[in-house]
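Below: the structure, in structure tokens.
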């Protein structure tokens with residue numbers, strides 16, 4: 001430490017001030033936030049997620065999606081967990097991207113109960129979502145990373161924001177890129193985070209537009225592999241249930257690996273928003289897909305960093321917000 005501080009003294013005062021400001025802004029969330037107040041929090045979260053995975057192979061993907069849909073609306077503040085009622089007139093759970101779609105709220109409640117039993121009124125629901133996302137990935141064969149912690153929970157929800165800010169599977173690549181960019185996430189983050197579709201399921205209604213009448217052409221999406229198309233049409237008949245499920249990754253549906261990117265190269269992306277990463281001519285995303293497909297460790301490293309980047313979106317810090325005692329409602333609500 002002494003050598004670095006002696007270097008700092010020789011820098012101009014303005015530079016030292018800028019470095020200090022950078023240090024302060026980066027020190028807001030940190031990996032040791034609960035080291036004295038709830039040292040076992042990571043282990044507690046992991047054990048509840050592990051238990052949930054035994055009876056529900058989808059739950060890892062569902063939990064990571066909650067964190068994603070939370071962070072894209074007013075930042076990572078657990079606003080997605082708030083039920084309608086009391087001061088919450090409109091819940092994000094009822095927004096179009098979430099209604100009858102987001103799931104895993106019961107597991108979040110189980111985690112919260114276990115954490116409260118060990119460390120009452122200390123750990124935020126927003127941090128629980130971030131920790132549950134990491135556990136979901138690492139327990140499914142993916143990378144582990146040290147989660148930055150110290151977020152606090154919102155007192156409000158933003159249903160309108162959920163309707164406009166969360167990327168849709170039907171959107172073009174340019175729109176999705178701009179939604180990421182608006183939150184400080186770049187193209188590499190977009191491709192890496194899309195790789196979370198290496199596990200989990202999607203309902204037919206999220207991709208059936210590609211199977212029969214794509215963009216009003218009367219034909220399927222031409223970027224769909226023909227044998228994959230046949231399989232999907234069997235899962236999702238034209239007038240069938242929109243809630244039937246298909247694997248996002250047809251090759252290793254419950255394993256966190258880089259097969260998602262090989263699938264895109266084979267025209268086996270399930271959602272329009274998946275396949276466009278590879279099939280959009282001239283897009284900056286294509287070379288990143290190719291890189292992640294050929295090098296799983298490069299994908300894993302990028303994914304962990306992009307999860308950290310996403311987890312850093314507008315957290316509530318210090319005395320802002322609160323530590324909710326029940327993730328579904330504000331304290332006293």
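Even glycines carry a Cβ here, placed using N, Cα and C.
Look at TrEMBL and you will find 1-27 tagged as signal peptide. Taken from TrEMBL, the feature domain 'Plant heme peroxidase family profile' covers 28-331. The disulfide bond annotation in TrEMBL covers 38-119, 71-76, 125-327, 204-236. Annotation comment: TrEMBL describes 65 as site 'Transition state stabilizer'. The active site, proton acceptor feature in TrEMBL is assigned to 69. The Ca(2+) 1 binding site feature in TrEMBL is assigned to 70, 73, 75, 77, 79, 92. As annotated by TrEMBL, substrate binding site applies to 167. The heme b binding site feature in TrEMBL is assigned to 197. If you look up TrEMBL, you'll see 198, 249, 252, 257 marked as Ca(2+) 2 binding site.
Features as recorded by TrEMBL, highlighted on the structure.
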{"residue": "38", "record": "disulfide bond", "Cβ within 10 Å": "19"}
{"residue": "69", "record": "active site, proton acceptor", "Cβ within 10 Å": "23"}
{"residue": "73", "record": "Ca(2+) 1 binding site", "Cβ within 10 Å": "28"}
{"residue": "77", "record": "Ca(2+) 1 binding site", "Cβ within 10 Å": "29"}
{"residue": "79", "record": "Ca(2+) 1 binding site", "Cβ within 10 Å": "28"}
{"residue": "167", "record": "substrate binding site", "Cβ within 10 Å": "20"}
{"residue": "197", "record": "heme b binding site", "Cβ within 10 Å": "22"}
{"residue": "198", "record": "Ca(2+) 2 binding site", "Cβ within 10 Å": "27"}
{"residue": "204", "record": "disulfide bond", "Cβ within 10 Å": "18"}
{"residue": "327", "record": "disulfide bond", "Cβ within 10 Å": "22"}
Practice item. Sorry to bug you, but what's the C-alpha spacing from residue 249 (Ca(2+) 2 binding site) to residue 236 (disulfide bond), rounded to the closest Å? Key: 16
Check your understanding: Looking only at 76, 236, which of these disulfide-bonded residues has the biggest number of Cβ atoms within 10 Å around its Cβ?
Key -> 76
Revision key, fill the gap. Students should find that the Cα atoms of residue 125 (disulfide bond) and the residue listed as 'heme b binding site' sit apart, in Å rounded to an integer, by 24
Check your understanding: Do any residues at least six apart in sequence from residue 257 (Ca(2+) 2 binding site), in the same chain, have a Cβ closer than 8 Å to its Cβ, and if so which, in order?
Key -> 141, 142, 198, 296
Point to revise | Cβ atoms near residue 249 (Ca(2+) 2 binding site) (within 10 Å, other residues, all chains) | key: 25
Review point. Given the recorded Ca(2+) 2 site (198, 249, 252, 257), which additional residues of the same chain have their Cβ within 8 Å of the Cβ centre, ordered by sequence?
Key: 199, 251, 253, 255, 256, 258, 259, 260
Point to revise | Candidates 119, 125: member of the disulfide-bonded residues with the richest Cβ shell (10 Å) | key: 125
Review point. Given the Ca(2+) 1 site residues 70, 73, 75, 77, 79, 92, which other residues of that chain have a Cβ within 8 Å of the mean position of their Cβ atoms, reported in sequence order?
Key: 69, 71, 72, 74, 76, 78, 80, 154, 157, 158, 161, 162
Check your understanding: What binding-site residues in the list 79, 92, 167, 197 lie within 10 angstroms of residue 71 (disulfide bond), counting C-alpha atoms?
Key -> 79
**Study point:** When distances run from the Cα of residue 327 (disulfide bond) to each of the recorded positions 65, 76, 167, the nearest one
**Key:** 76
Review point. How big is the gap, in Å, between the Cα of residue 204 (disulfide bond) and that of residue 38 (disulfide bond), rounded to a whole number?
Key: 42
